[in-house]
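Okay, so here's the structure we're looking at.
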Amino acid sequence: KVYGRCELAAAMKRLGLDNYRGYSLGNWVCAAKFESNFNTHATNRNTDGSTDYGILQINSRWWCNDGRTPGSRNLCNIPCSALLSSDITASVNCAKKIVSGGSGMNAWVAWRNRCKGTDVQAWIRGCRL
């Protein structure tokens with residue numbers, strides 16, 4: 001599923017991401033835009049053999065199990081396929097675990113490079129939330 005901007009913002013808000021660990025909703029919508037272009041089915045293979053999955057491009061080396069990543073830790077205790085669902089609950093729950101680690105949203109390269117320090121509120125402007 002490819003979410004609309006405001007549709008995704010509403011879903012993320014409903015699932016408790018607004019101001020989760022101090023990151024406003026705009027940060028999450030911005031991250032999803034530049035990680036997956038709002039597409040829940042996005043997958044990207046990395047040079048280390050791991051794969052990033054779903055709307056927030058969650059990595060199989062650490063967070064989920066895809067059965068093909070050597071030394072996978074599966075810290076969210078989920079199959080990576082769960083991160084490709086049109087229902088973003090699994091992705092959001094895993095993202096909460098990731099952002100609670102030491103580096104916060106810096107764990108997402110696209111957020112660090114494209115969203116951090118920008119006017120992220122623009123991503124939810126005009127949405128009925």
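We count from 1, first residue shown onward.
Heads up, the Cβ atoms here are built off N, Cα and C, so glycines get one too.
Between CYS94 and the candidates CYS76, CYS80, Swiss-Prot records the disulphide bond with CYS76. Looking at CYS30, CYS64, the record from Swiss-Prot puts CYS115 in a disulfide bond with CYS30. Annotation in Swiss-Prot places CYS127 in a disulphide bond whose other cysteine, of CYS6, CYS64, is CYS6. Here the domain 'C-type lysozyme' (1-129) is broken down by DSSP into helix, strand and coil counts: 53 helix, 14 strand, 62 coil. Cβ neighbour count for CYS30 (disulfide bond): 26 (other Cβ atoms within 10 Å of its Cβ, all protein chains included). Nearest to CYS115 (disulfide bond) in space, judged by Cα atoms and limited to the recorded positions GLU35, ASP52, CYS64, CYS80, CYS94, is GLU35.
Note: GLU35 (active site) has non-local neighbours ALA42, ASP52, ILE55, LEU56, GLN57, TRP108, ALA110, TRP111, i.e. same-chain residues 6+ apart with C-beta under 8 A of its own C-beta.
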